[in-house]
Amino acid sequence: MAGILAWFWNERFWLPHNVTWADLKNTDEATFPQAEDLYLACPLAFCIFMIRLVFERFIARPCAMGLKIQANGPQKAQPNAILEKVFTAITKHPDEKRLEGLSKQLDWDVRTIQRWFRQRRNQEKPSTLTRFCESMWRFTFYLYIFTYGVRFLKKTPWLWNTKECWYNYPYQPLTVDIHYYYILELSFYLSLLFSQFTDIRRKDFLIMFLHHVATISLITFSYVNNMARVGTLVMCLHDAADVLIEAAKMANYAKCQILCNLLFAMFAILFISSRLGVYPVWILNTTLFESWEIVGPYPSWWVFNLLLILLQLLHSFWSYLIVKTACRAISKGKVGKWNPLHVSKDDRSDIESSSDEDDSPPPNQKHHSSTTNGTNKTHGTNGYLTGAPYPDEH
């Protein structure tokens, strides 16, 4: 184990030439980032998770009730032991051959069985009330942490001159503000990572899991090798757009469509301008060129910049999806009825729909199934519709 740790913390990988870990030990005159500082994030992540539960129960839920958002979810599927066994043990999306076999076994037509599986999948989706509470919690945290970041950074020299991120690097002392900012951000994303295993499992579980792991890795990486100054710029820049998308989702769940569209438009403008404009010109310029000029490259420098470039590629992909969604709505002349959260995806911000899958009753149902699957009329209850086709949750 000692050999593995010595290999992992190799100074020639993590630090610039002629710098050792001993040079970055805390002294009476200065405090530097230490890897063991990050251990504090684990118990704090648990505390944040508990705060979230209290917040959603006693603050977000009453707000949702005040907006007439009810806790009822989609229509439940008719109980059926055979179909339930297939759903839980074999597949949630049976192919045509399996559907035909089940049709013969149950004496149901294929369309009825397809509808049963759609309704059963919808049962595992969180209710609109649950989604609203989650979005309100994230909105509150992002608003707080973004406000804190702006208030802190506007007093720092590296906000106005990014070369200050590299002067005297890596002998830049760790301030209380930077330490608090890093630990709180890391703890929050750890809590999101943990909560994925306790919340209702979403369709984008794996994508969001990988995103949280990547975010945690970047925060940890930049803290350990004391790239904390540029790290604070990256975190603040990314938190800005997250505030707006969570606000847009809350407006969507509350059926405030005009406000939802307005907030999403603001989010799209801010996201694209910050991720495709400010990020490469401001962040990548300083990490690639200014740091090369002032500090020079070393192994972890290459890894850090590679991760930031990969992040830029993700920004480009997400921006493409946002623009594609807007162009599709404009080309179809449905801007007035457009709900962007029903058709777009953004893996980092978790843009999601408040609709379920198509639950319209199939034609020519057999009598013993048609009576248990509800009415043919279209109606809506807080984002859930029955009897009309609509998109999956994203």
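Using the three backbone atoms N, Cα and C, a Cβ is placed for every residue, glycine included.
The feature DNA-binding region is assigned by TrEMBL to 85-128. Annotated compositional bias 'Low complexity' per TrEMBL: 370-383, in sequence order. TrEMBL lists 83-127 with the feature domain 'Homeobox'. Marked as transmembrane segment by TrEMBL: 38-55, 180-198, 205-224, 260-282, 302-323.
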Tally of DSSP helical, extended and coil residues in the domain 'Homeobox' (83-127): 32 helix, 0 strand, 13 coil
Local confidence of the prediction over the DNA-binding region (85-128), expressed as mean pLDDT: 86
